[in-house]
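Undergrad: Please see the structure below; I have some questions.
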Amino acid sequence: MQEVLVDKERCLGCRSCELACAVAHSASKTLLGAVGEAKKPLKRIFVHQTEAGKIPLNCRHCAEAPCIDACIAGAMHRTAEGVVTNTGGPAECTGCWMCVMVCPYGVIRSEIAQRLAVKCDRECLDEAGEPACVRACQTRALKYVEVDDFSREKRERFLISLKS
Amino acid sequence: MHIVIIGNSAAGLAAARTVRKVAAGAQITVISDEPGPAYARCLIPEVLAGSRDLPGIGYVGADFYRQYGIELLAGQTVTSLDVEKRELTTANGRSIGYDRLLLATGASPVAPDWPGADLPGVFTLRKADQAAAAGRWARDCASAVVAGGGLVSLKAAYALKERGLPEVTVVVKSPHVLIKQLDAQSAALVEKELAKTGIKFVYGVEPVAAVKGPQGAVQAVELADGRRLPAGLVMVGKGVRPNVELARRAGGRVDKGIVVDDNLATSLPGVYAAGDCIEVTDMLTGDKTTSGLWTLAVEQGRCAGYNLAGLPGSYPPPLTRLNAAQFGALPFISAGDVRGGDETAVYQDGGVYRKVCFRDGRLVGFIMVGKVDRAGVYTALIKQARHIAGRLKDKVAGGTVTGADIVYSRTVPVR
Amino acid sequence: MVEKSIDQATLKMLKKAQRDGIETVWDRLAAQEPQCGFGQLGICCRNCNMGPCRIDPFGDGPSQGVCGAGADTIVARNLVRAIAAGAAAHSDHGRGIASTLLASAGGDTADYPVRDEAKLQALAAEYGIAVEGRATAEIARDLANAVLEEFGTRKGALQFINRAPEQRRAVWDKLGITPRGIDREVVESMHRTHMGVDNDPVSLILQGMRTALSDGWGGSIVATELSDVLFGTPRPVKGSSNLGVLKEDQVNIILHGHEPTLSDIIVHAARDPELLQEARARGAAGINVCGMCCTGNEILMRHGVPVAGNFLQQELAIVTGAVEAMIVDIQCVMPALPQVAGCYHTKIISTSPKAKFPGAEHIAFDEHNAMETAKKIVRIAVENYSNRRAEKVNIPADQMEYMAGFSVEAILEALGGSLNPLIDAVKSGAVKGIVGVVGCNNPKYIQDNSHLVFVRELIKNDILVVGTGCAAIACAKAGLLLPAAAEQAGDGLRGVCTGLGIPPVLHMGSCVDISRIMTVAAAMANALGVDIADLPLAGAAPEWMSEKAVSIGTYVVSSGIFTILGTVPPVLGSQNVAELLTGGAEKVVGAVFAVEENPAAAAKLAIDHIAAKRKALGL
Ligand SMILES: Cc1cc2nc3c(=O)[nH]c(=O)nc-3n(C[C@H](O)[C@H](O)[C@H](O)COP(=O)(O)OP(=O)(O)OC[C@H]3O[C@@H](n4cnc5c(N)ncnc54)[C@H](O)[C@@H]3O)c2cc1C
Ligand code: SF4
């Protein structure tokens with residue numbers, strides 16, 4: 001499966017990925033259109049400042065995803081492509097926030113009024129199959145790669161998972 | 001290999017899925033005394049409220065059992081086990097052999113011991129059919145009393161209000177609702193939100209009897225202080241008890257629940273157990289306790305699945321307090337130990353409340369009300385049991401910690 | 001490559017650039033994409049070192065900078081700074097011309113005699129400077145001093161605003177935006193946008209308007225009028241345009257930038273017999289001086305010098321491989337030029353002490369040694385002809401004739417000495433109204449496409465177009481500056497144009513010469529006894545990119561003229577500021593901005609606006 005990996009040395013904290021993500025999830029799909037939309041689009045990637053630098057973080061689509069375990073409605077599931085999402089599955093999200101409670105990356109947002117958990121759903125791929133955040137990254141701090149193709153030593157520079 | 005699973009819910013299904021994933025050729029049979037395919041048990045309050053019907057809370061797709069090659073024997077109660085013969089018997093006399101067995105029998109509500117507890121109109125809320133029956137009953141009622149201030153009780157009260165009952169009163173023995181999950185301040189916020197719908201609260205007393213009306217059904221609840229509350233419907237939420245009887249009668253070890261080892265094996269040969277029916281060790285306190293959470297049932301089911309398929313895997317002591325819910329416009333999450341701890345940091349601004357509790361420099365619990373984003377980072381910090389100090393601690397206390405902080409914080413876990 | 005330009009010469013040279021391995025502005029744009037959304041919306045601020053800060057446009061992150069500035073404040077501050085930069089550019093250009101006039105008057109330079117004495121006298125009269133019986137040099141000195149004084153004046157208001165009708169001046173006075181001094185407004189804008197000074201978006205934008213007015217009715221008008229005095233007031237003149245004007249057998253010199261001070265004298269220097277002889281000795285048939293951008297416009301207006309192209313063609317001119325020297329001064333000169341030139345034999349020669357380019361040769365140019373320096377520069381070009389490599393040369397054949405030179409004076413002459421025939425034509429409806437089409441090219445939009453679609457649509461609807469800058473060059477290249485283009489006009493406009501022998505699109509000069517358009521607008525309003533805002537006029541910058549354009553648009557709107565922007569300005573991060581500019585301003589200055597990227601739709605906006613204004617006037 002392809003994953004969005006982060007080369008944290010390269011992140012400048014410009015938040016372009018955040019904007020691109022929100023725009024990709026807007027009705028108009030354009031920045032200038034999206035800012036005018038009554039329902040503001042929601043980003044699913046978050047650039048954080050840590051002692052180790054600036055780090056963009058979005059769903060890792062974990063192999064044994066705690067959010068899937070926790071979902072009491074059966075909405076959170078893994079698609080055939082390996083994407084963990086709570087839309088388009090066997091059940092509807094009811095906004096119980098179990099997934100928000102267990103996601104160790106803190107990348108599932110709670111849309112309280114809508115009673116909807118919102119997360120990276122990869123519904124943003126362009127014609128080349130690249131996610132909006134990766135495409136938006138000017139410094140190539142975000143890369144969309146087949147994880148198996150990744151040499152070990154290179155992989156170490158990237159954010160892989162909490163457990164490692 | 002024939003793997004039989006008793007229980008077609010969180011634990012049972014997670015186990016079945018896992019077995020199928022790692023042992024493609026295994027024969028899998030799932031038996032349940034409930035009819036039909038699995039449903040989302042936690043959503044039965046919506047059935048009570050009338051906002052969804054039973055198919056509306058389905059937990060798996062229509063094609064699930066066929067797709068996973070699982071034989072589902074629904075509506076069949078297992079009455080005994082013969083662990084020597086590796087065979088079980090159902091209420092209709094059918095014997096089913098197995099190579100490995102999983103007990104994922106869940107828990108049942110504690111029934112009230114007061115007089116009138118068996119009157120028509122007195123319900124507990126654990127199964128979909130109970131929810132549906134209570135919902136039907138509620139149509140003709142003007143008032144209801146909910147006994148208990150726990151999560152299931154509050155969900156029931158909220159659902160009865162949604163159903164349109166003019167008068168719903170929650171009787172809570174403790175000084176505030178959700179005594180296990182919240183402190184007084186945060187409980188007050190939840191109570192306020194529930195009160196907006198017209199739900200009333202009575203604290204510090206318990207019902208002592210259900211009073212029979214002229215039609216032979218319940219018409220009121222009598223409280224320990226002598227007060228009588230009119231009640232065309234009574235919902236009793238006094239907690240649950242693990243379903244341990246099958247294991248006990250087969251000679252298995254039972255304490256707070258079915259006793260299992262690290263691999264979720266019971267003391268009976270070839271028999272594993274997972275979910276609400278087992279006893280677990282709380283990772284924070286080291287105490288033996290029941291499991292009681294959907295999340296844990298799924299985790300355990302998956303772990304049991306590996307073991308059933310012959311791939312040993314151990315189940316570490318879980319965090320047994322993990323609750324998330326929303327009433328009205330107010331979400332809240334509570335995890336871990338929210339009363340103990342030697343240091344707390346509290347933030348409150350109107351309807352937003354946050355409390356984080358540390359013990360020995362580790363995060364042991366938190367409450368978030370109103371805003372719950374990134375709660376999972378806190379949960380992860382509790383589970384990691386790492387020492388938290390310096391800037392990380394400031395961020396944890398200030399509510400600004402992010403996943404990135406823990407991914408790149410190099411502090412060595414304490415255990 | 002169709003999406004890059006509709007200009008065939010551009011497309012051909014882009015192919016050549018690719019073959020030659022040259023990176024152009026389009027490649028660099030592609031490399032910049034996706035561009036920063038915060039910048040596009042105008043919600044990033046670097047005005048202090050607590051920052052940089054940015055506002056989350058989706059209300060999802062910070063709504064204030066470290067100092068507490070919200071989106072409204074930040075967008076307004078950034079806009080005002082852009083206006084200040086644009087106004088500064090025009091005004092500093094104007095100052096340069098005024099200084100040259102002073103030097104000329106003081107006898108410090110023989111190379112810049114006063115070429116239009118009548119205009120000198122008229123301007124002197126406007127400034128209340130005695131002319132009767134005085135020597136030209138004396139009048140010129142007094143005028144130059146009076147104009148230079150306007151930059152830091154303490155007299156309260158600029159002189160040229162008196163050209164505006166009384167009603168307009170009353171609007172400015174009431175709002176407190178009458179420009180007080182050319183430098184002062186820029187300085188005050190920079191001050192107000194400093195961290196922790198003016199934070200109210202309305203107050204900021206009013207100052208932005210005042211600053212812009214100090215450009216339109218100050219710096220720009222100074223540049224135009226004094227250039228006319230020194231270099232001659234343009235009269236209708238013919239020439240040709242586009243890259244095809246470069247000559248395979250001649251020394252090609254391109255003059256690029258903005259000030260006429262340098263370009264005008266180079267035109268003369270290139271006629272020097274000695275240099276021509278030298279060129280011939282090196283095998284060239286002659287010396288071909290061509291213009292580019294607004295420098296091109298200055299010499300095209302006055303001498304009919306061929307113009308090689310507009311903003312997006314500056315690199316492509318070099319790609320022809322046939323340019324011996326590109327001589328640049330200030331503004332709109334891409335820093336990339338030396339790099340492109342590095343792949344050919346072309347020499348980039350910078351001349352302004354204000355504008356240096358790493359990789360270019362710098363030959364300081366000032367009015368005192370103008371002719372000498374000009375000749376030196378031309379000689380470098382001539383000598384460089386020997387380095388030209390035939391195999392690298394490929395000049396596209398595309399070129400188009402134009403008729404330009406429509407200064408206010410030239411228009412009056414064409415009309416027989418008064419504006420009345422034009423006003424009558426407007427009254428009768430033969431000409432429905434007048435739209436000024438100005439501004440740059442922008443690689444985010446198909447080169448020249450917006451200009452041309454917009455202009456063609458207008459003339460078809462009997463709207464007379466007046467143009468300047470790169471917009472006018474786009475029209476030149478498309479043949480719209482020829483009297484014959486009247487055939488593309490509606491019946492009314494065609495009749496007027498054929499009667500007067502003028503094109504339906506009048507080239508009025510460089511970007512500072514938008515002041516000429518303002519002068520005409522003011523004169524029309526005065527003649528009718530109404531405010532400028534009442535006239536059936538509109539302005540448009542279909543492909544704008546520079547900060548100067550922001551200043552221009554703002555002074556045009558502040559002068560009461562509806563203005564359509566074809567590229568989106570970075571203000572959408574604040575709904576309040578965007579609303580103010582496109583809606584609220586109507587009640588304040590009697591005009592608004594509109595933003596419309598689709599040129600046909602933009603034309604409709606202009607046509608409808610003019611119809612509404614006509615109706616209000618009872619026409
Ligand atoms: C109203 C409500 C709300 C809840 N909300 C939450 C929540 O928000 N979060 C959370 O984490 N948890 C919640 N829970 C708890 C959660 O539902 C349980 O923890 C979870 O269902 C446990 O799953 P399980 O598979 O262990 O057992 P169960 O879901 O109880 O399933 C056991 C199954 O086994 C069957 N069975 C038992 N004995 C036999 C037998 N002898 N023969 C055949 N079949 C048998 C039962 O009928 C049942 O179908 C809620 C529970 C209720 C009732
Ligand atoms: S002036 Fe305010 S908004 Fe701008 S950088 Fe400084 S703190 Fe940030």
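Heads up, the Cβ atoms here are built off N, Cα and C, so glycines get one too.
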Undergrad: According to TrEMBL, C:CYS45, C:CYS48, C:CYS53 bind [4Fe-4S] cluster 2; which of C:CYS67, C:CYS290 is also listed for that site?
TA: C:CYS67
Undergrad: Can you find which of C:HIS256, C:HIS258, C:HIS609 TrEMBL lists as binding [Ni-4Fe-4S] cluster at the same site as C:CYS294, C:CYS332, C:CYS440, C:CYS470, C:CYS511?
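TA: For [Ni-4Fe-4S] cluster, TrEMBL names C:CYS294, C:CYS332, C:CYS440, C:CYS470, C:CYS511; of C:HIS256, C:HIS258, C:HIS609, the listed one is C:HIS258.
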Undergrad: So which of the binding-site residues C:CYS53, C:CYS294, C:CYS440 sit close to ligand 2, that is, with a CB under 6 Å from an atom of it?
TA: C:CYS53
Undergrad: Which ones in the same chain are close to C:CYS511 ([Ni-4Fe-4S] cluster binding site), with CB under 8 Å and 6+ residues apart in sequence?
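TA: Within the chain, C:CYS511 ([Ni-4Fe-4S] cluster binding site) has Cβ neighbours under 8 Å at C:HIS90, C:SER220, C:HIS258, C:CYS294, C:ASN297, C:VAL438, C:GLY439, C:THR468, C:GLY469, C:LYS548, C:ALA549, C:ILE552.
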Undergrad: So, three-state DSSP: helix, strand or coil for C:CYS53 ([4Fe-4S] cluster 2 binding site)?
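TA: DSSP assigns C:CYS53 ([4Fe-4S] cluster 2 binding site) to strand.
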Undergrad: Which chain neighbours of the [Ni-4Fe-4S] cluster site, leaving out C:HIS258, C:CYS294, C:CYS332, C:CYS440, C:CYS470, C:CYS511, have a Cβ atom within 8 Å of the mean position of the site's Cβ atoms?
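TA: The answer, listed by sequence position, is C:CYS293, C:ASN297, C:PHE311, C:GLN331, C:GLY469, C:SER510, C:SER546, C:LYS548.
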Undergrad: Write down the Cα-Cα distance for C:CYS44 ([4Fe-4S] cluster 1 binding site) and C:CYS53 ([4Fe-4S] cluster 2 binding site), rounded and given in Å.
TA: 6
Undergrad: Near C:CYS332 ([Ni-4Fe-4S] cluster binding site), which residues of its own chain have a C-beta under 8 A away, given they sit six or more steps off in sequence?
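TA: Within the chain, C:CYS332 ([Ni-4Fe-4S] cluster binding site) has Cβ neighbours under 8 Å at C:GLY257, C:HIS258, C:CYS293, C:CYS294, C:PHE311, C:CYS440, C:SER546.
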Undergrad: Helix, strand or coil: which one is C:CYS511 ([Ni-4Fe-4S] cluster binding site) in, per DSSP?
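TA: Its secondary structure by DSSP: helix.
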Undergrad: For the recorded [4Fe-4S] cluster 2 site formed by C:CYS45, C:CYS48, C:CYS53, C:CYS67, which further same-chain residues have Cβ atoms within 8 Å of the site's Cβ center?
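TA: Not counting the recorded site residues, we get C:ARG46, C:ASN47, C:MET50, C:GLY51, C:PRO52, C:GLY65, C:VAL66, C:ALA69, C:ILE74, C:MET195.
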Undergrad: Quick one: Cα separation, C:CYS470 ([Ni-4Fe-4S] cluster binding site) versus C:CYS36 ([4Fe-4S] cluster 1 binding site), in Å?
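TA: Each residue's Cα considered, C:CYS470 ([Ni-4Fe-4S] cluster binding site) and C:CYS36 ([4Fe-4S] cluster 1 binding site) end up 27 Å apart.
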Undergrad: Out of C:CYS45, C:CYS67, C:CYS470, which of these binding-site residues shows the lowest number of other CB atoms within 10 Å of its CB?
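TA: Selected from the binding-site residues C:CYS45, C:CYS67, C:CYS470 on minimum Cβ neighbours within 10 Å: C:CYS67.
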